[in-house]
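Below is one structure; the comments refer to it alone.
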Amino acid sequence: MRIAVICFCLLGIASALPVKPTSSGSSEEKQLNNKYPDAVATWLKPDPSQKQTFLAPQNSVSSEETDDNKQNTLPSKSNEDPEQTDDLDDDDDNSQDVNSNDSDDAETTDDPDHSDESHHSDESHQVHFPTDIPTIAVFTPFIPTESANDGRGDRCGLRTEVKIIEVPPINVQSPDATEEDFTSHIESERCMSTKKTSRLTDHSKETNRCELSKELMPKAKDKNKHSNLIESQENSKLSQEFHSLEDKLDLDHKSEEDKHLKIRISHELDSASSEVN
């Protein structure tokens, strides 16, 4: 049980790591090896003591892989050239021969005097697992295509930025302008000038009104004062005349009373004298 658990652990580790395929693989695997040679740096090297337990599942995996490769290559034979199909068939036959030789070598691993060549063949066969090779994106550096301006002193490598001065657009009147446009422009200018003059006149009128109002205010105050003086004088005159009339009436009334008294006295004297006689 322990050996089986160890085998499953090793299989999981081996399937997780990118592995270089053997030379007996299909043409697609060879093309992948040629495109990505850096993925070969991480090879799996298990212990030689566990080869017997490890090679039994490998043979079954390799046979399944060859069957899958055959199935993948069969539908594409109609589109490929006959020379390419012959090459693929030769590669498959070679892979089957190599797998049979590897199985024979695996049976002879029980001998103590096993050569180093069998060890290397076992390792090469052991590495044969269908793993997804990681794709490495190749970034090409940016190379400027502009010509070098040596005469001016600029260098394209330094990527000097040239400041662009933006010139404001100038409205140039074309000589083909019609008279109507010209007259409309003149009329608009006249309207603007009349508006400005009307504003100026309105402002001047307002200022004149303010000045006149300021000048008329003290004059009105003086007139009010003069009218008040005249009214006071007239009132005083009227009061004096009224008092004088009252005095005259009093005098007249007194004179009339005196006359009546005198008449009475005279009548009494006359009556008294007649009685005496």
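Each Cβ is built from the backbone N, Cα and C atoms, and glycine gets one as well.
Annotated in Swiss-Prot:
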COMPBIAS  49-63  compositional bias 'Polar residues'
COMPBIAS  81-95  compositional bias 'Acidic residues'
COMPBIAS  111-126  compositional bias 'Basic and acidic residues'
COMPBIAS  199-221  compositional bias 'Basic and acidic residues'
COMPBIAS  227-242  compositional bias 'Polar residues'
COMPBIAS  243-270  compositional bias 'Basic and acidic residues'
CARBOHYD  Asn101  N-linked glycosylation site
MOD_RES   Ser24  phosphoserine
MOD_RES   Ser26  phosphoserine
MOD_RES   Ser63  phosphoserine
MOD_RES   Ser78  phosphoserine
MOD_RES   Ser95  phosphoserine
MOD_RES   Ser100  phosphoserine
MOD_RES   Ser121  phosphoserine
MOD_RES   Ser124  phosphoserine
MOD_RES   Ser204  phosphoserine
MOD_RES   Ser244  phosphoserine
MOD_RES   Ser266  phosphoserine
MOD_RES   Ser273  phosphoserine
REGION    38-129  region 'Disordered'
REGION    184-277  region 'Disordered'
SIGNAL    1-16  signal peptide
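This view paints the features noted in Swiss-Prot onto the structure.
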residue : record        : contacts (Cβ under 8 Å, 6+ apart)
Ser204  : phosphoserine : none
Ser244  : phosphoserine : none
Ser266  : phosphoserine : none
Ser273  : phosphoserine : none
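For the compositional bias 'Basic and acidic residues' (243-270), the list of distant contacts is empty: no same-chain residue at least six beyond its ends comes Cβ to Cβ under 8 Å. Within its own chain, the compositional bias 'Polar residues' (227-242) is flanked in space by no residue lying at least six positions past its ends with a Cβ under 8 Å from the stretch. For the compositional bias 'Basic and acidic residues' (243-270), the number of residues in each DSSP class (helix H, G, I; strand E, B; coil) is 28 helix, 0 strand, 0 coil. Residue counts of the compositional bias 'Basic and acidic residues' (199-221) by helix, strand and coil are 23 helix, 0 strand, 0 coil (DSSP-based). Helix, strand and coil counts from DSSP across the region 'Disordered' (184-277) read 93 helix, 0 strand, 1 coil.
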